[in-house]
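Working notes for the structure below.
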Amino acid sequence: MLRYIVRRFLHMIPLLIGISLISFFIIQLAPGDFLTQQALNPQVSAERIAQERARFGLDKPIYLQYLMWLKSILRLDFGYSFAYRLPVFTLIKSRLYNTFILSLSAMIFTWVLSIPLGILSAVKQYSWLDKSISVFAFLGLAIPNFFFALLLLYMAMKSGWFPVGGMYSINYESLSLGAKIWDRIYHLILPTIVLGTAGMAGLVRQMRGNLLDYLKADFIITARAKGLSERVVILKHAVRNAVNPLITLFGFALPGLLSGAALTEIIMSWPGLGRLMLEAVLKMDLYLVMGSLMMGAVLLILGNLVADLILAWVDPRIRYD
């Protein structure tokens, strides 16, 4: 297993280089950049723009710009943000924790509810419970994420039960440690529901479909014929096999949450990485966009690795040499 993990990490290097190469040249296809926008400002002189281009190497050919950026990445220097006047790594680090908290809570919310609901829906096939869960799942797939977020914000504003946006209260610094923790959780509830329900509906349907297929399998019929209880047959044999395809999807959940969190963070005023990525794209901040893209690529690759390891742990038939 250790050799497999080391080999996967070594394979990450050329893969990340390829992703960075394609991303860099695609971004360069867009007309203009941040300094082009600044040139439209009459208060910024042409000499100043030329100095900035020379300073960051933007006056050089595209391939040289990429090689310079790649060389700095090897030193863990992600470049400099033109818009924020700060190192890219500093900006990403300051927002990554907030997005990690939101994404982790949304992932826990999604998987903890999706698996049991999918099991209930399959076991009680065609019952009122199955139909109710199916209606809930289809509504979750049909309702746009941004509309659901706006709806929850409106309900929170009218009821006063939950805070309308933000990550903490105005008097956060004056609160005790326990009150600070509760304040963070309190502000996390609505964004978690919005981000979590986006993926939960699909997982419920997939879990239901997988489990229904396995409940008709020969080994399940054999287990019942041996006199095993229905609970053991379903949970120990059917569910354990039905959940394997969902574990594979876990590898795509991390970057999916990262991209989905952008819209949630904007609507809910959550200061996270997704919101920073969108601002970087709108401001044509080259190095901040590249740093954000590489972060998403790393999350995707690591997510797939974690999914493979979890799959090997859950299913003893799978072994990596």
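Just so it is clear, glycine is given a Cβ too, placed from its N, Cα and C backbone atoms.
The feature domain 'ABC transmembrane type-1' is assigned by TrEMBL to 96-311. Taken from TrEMBL, the feature transmembrane segment applies to 12-30, 100-123, 135-157, 185-204, 246-267, 287-314.
By the count of Cβ pairs under 8 Å, the stretch nearest in packing to the transmembrane segment (100-123) among 12-30, 135-157, 185-204, 287-314 is 185-204. When Cβ-Cβ distances under 8 Å to the transmembrane segment (135-157) are tallied for each of 12-30, 185-204, 287-314, the top count falls to 185-204. Within the chain carrying the transmembrane segment (185-204), a Cβ under 8 angstroms from the stretch's Cβ atoms is held by residues 101-103, 105-107, 109-111, 113-115, 117-118, 121, 133, 136-141, 145, 148-149, 152-153, 156, 162-163, 166-169, 246, 249, 253, 256-257, 260-261, 264-265, 267-268, 270, all 6 or more beyond its ends.
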